[in-house]
Ligand SMILES: Nc1ncnc2c1ncn2[C@@H]1O[C@H](COP(=O)(O)OP(=O)(O)OP(=O)(O)O)[C@@H](O)[C@H]1O
């Protein structure tokens, strides 16, 4: 900010502070308001829709200003932060009435989208990214729970991670180009951090904070060492923004993407696991039977991180089974969990100094219930649950202490007093006694005055503005003695004070102030003791979350009659009478379907009319596999699941992920990702491929991709398509099988049966759907005429195409030699001519497919054309 000459001391102070926070809106405390000045005032007034005024700062000098009242500042600040602004809170650090000269002020905290952790609405979380040689090193920090994790990812994994964890703010090193990430995640705010956040000094400070000398102490491997950059940068950012309020941060944990099923961002979105597409309901919401915040977060993690290791899946499944089968135990656990608050949030608040006395009482009560949970650990049999129960620590000594110290129903605000029980501190007890005795004195003094004056209705009262007073109603005023001094006149009474009452007031008020100060001091001491235990209590809270997530899986299984799938390491997948768990909620007569995949039948091409249930079927299959691998029971009569290593989806064409890319380009990017990464152990669902381009381009791409996936990768795939030509693949590749959605046809009227059957269907019934949608009868009639014509043409053309492709395959060299174009190149320069000839000769006739032959021919034609033109 430019220096201004001859400015007031207040403005000079403001400039000094603002200069330290150039990228934040500085909220400068002035009495009962937070004021913004200059450019900040313009921004604040615009974003908050409040009046922009002026502040006089000298003779005829004004600066722009806007202000928000201190008492309702929270909602204004939330609005600013949720719009991506950083807000620096500049407080008065001393009592204005006692200050000599200008009141001391400083920024006590900077609130940013990723660090305003105590705001429930914002759900703040922070991600740091450091890039080196194409690898992304990340650190994720959720200050509301203390969760801190770091890892090394490739680009796809990074996108998937952001999708799963949904940070509100991403911080990167200066100069890092994040425009492509920003276009993909529009609701996330990005900040660049200066060099020193990534410096060696910061590394040492960070390691010092966690009392270790090297990052490997957290369990990171040698090749992950660079993760120290984002970890320490994120930690420093939290420290700088929180200032003295730094809440609990757990020891960083390595995030190992490769121990979970690969679930790309597009799959998370398409399957609507935790966040729905417009208007829908996500799987998590339908399944969630957790009773605590920790459990809810754990269940969310389970669903986004299905396991790959069959032993681990079965271990979790066994825990779920125990609670499915033992109703009494499940209900006992649920009853206890229901009374436990969000311990992770509480300890985070308590250690950040933003806690209220009620948070400590909440923690105490929750820990009591946690002890109750521990009491039933003897009844537990399954390994995973047993481990969780065993890891719960016993906090009876802390509970006992908190019980002894804290009043059961303390006030919300820390400074109101009445927090600490009797018997904790001698001085405090004495002061309280003075206060209590004071009450007795007041009673007897009131009695004495009534007798002396003869005014029976005389009463002594107290309010915060006036202090103590003697109230006499109007009709009795003539009886008031001379030594009563008037303090206030009301409509039907007068209030007085006497010397005696005034000296009493001084004594009591000073006792009261001392009580509050002492209580505050004691409270802060206990708070610190609890904060010191944060890490350990946090670990116990994690176990409570695990138990809660497991019981939630058991509860939903019991409620909905889900079954336990058979998990194995083989290739086969079999689902009997499976259904879509979300759609079924709203459609009780949902038709269940079977899926059977093995070495002879793993690439299923599913055709059928529009609206017949193809998409639903392929999505439900992916969801059932995902659920099975989280250890959950499944919405099916029976299931055998050969563990998959990835679930890929290519669904829908409406969701242009990144603006600026065509729908088709987005679709092809997703396809490229699938083709490049799928293995024999993956599971793919494709809902139409190549729709965003011309029919033949689309068909060719769909065809070539199917051939590659079915023949080369041999990956289990469900491919819903309107390209009926693709059903030909069944004859050419073993493992490809055709299915269709069954319908009941009666002339031009059809009824959807929503059942998947073997064989193909060569009609789309799109016109029928148009009719259902209410398009005029005469248009429908005409559409049918055109459709029949096209169908005839198509069938003829298809036969011809296939015939000619076969021909090309058998004798492609001859055909290429006979191409008229080929002869024309004889006049062209020898070298290039030879090059083309060599290219033709290098082709292995036996291994080329019809589609490859076509592509090759097209390429050749283009090259020749280019040569001719040059
Ligand atoms: N198994 C089922 N039982 C009952 N109703 C179903 C079933 N599957 C789907 N439906 C209903 O049919 C509607 C259309 O299903 P879906 O979107 O899966 O069809 P589709 O064949 O993929 O259509 P399109 O080819 O137009 O994309 C669903 O919204 C649902 O209401």
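Every residue gets a Cβ built from N, Cα and C, even glycine.
Here's what Swiss-Prot has on this protein:
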type: BINDING; residues: 608, 609, 610, 611, 612, 613, 614, 615; note: ATP binding site
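On the structure: features taken from Swiss-Prot.
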residue : record           : Cβ contacts under 8 Å, 6 or more apart
608     : ATP binding site : 614, 740, 741, 742, 743, 761
611     : ATP binding site : 752, 769, 772
613     : ATP binding site : 591, 741, 752, 754
615     : ATP binding site : 651, 687, 720
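Around residue 610 (ATP binding site), taking its Cβ as the centre, 16 other Cβ atoms fall within 10 Å, counting all chains. Every protein chain shown contributes to the tally, and the Cβ of residue 614 (ATP binding site) ends up with 25 other Cβ atoms within 10 Å. Within 8 Å of the centroid defined by the CB atoms of 608, 609, 610, 611, 612, 613, 614, 615, the record's ATP site, lie the Cβ atoms of 720, 741, 752, excluding the listed residues themselves. When the binding-site residues 609, 610, 612, 613, 615 are checked against ligand 1, 610, 612, 613, 615 have a Cβ within less than 6 Å of one of its atoms. According to DSSP, residue 608 (ATP binding site) is assigned to coil rather than to any helix or strand.
All protein chains shown were included, and the count of other CB atoms within 10 Å of the CB of residue 612 (ATP binding site) stands at 26.
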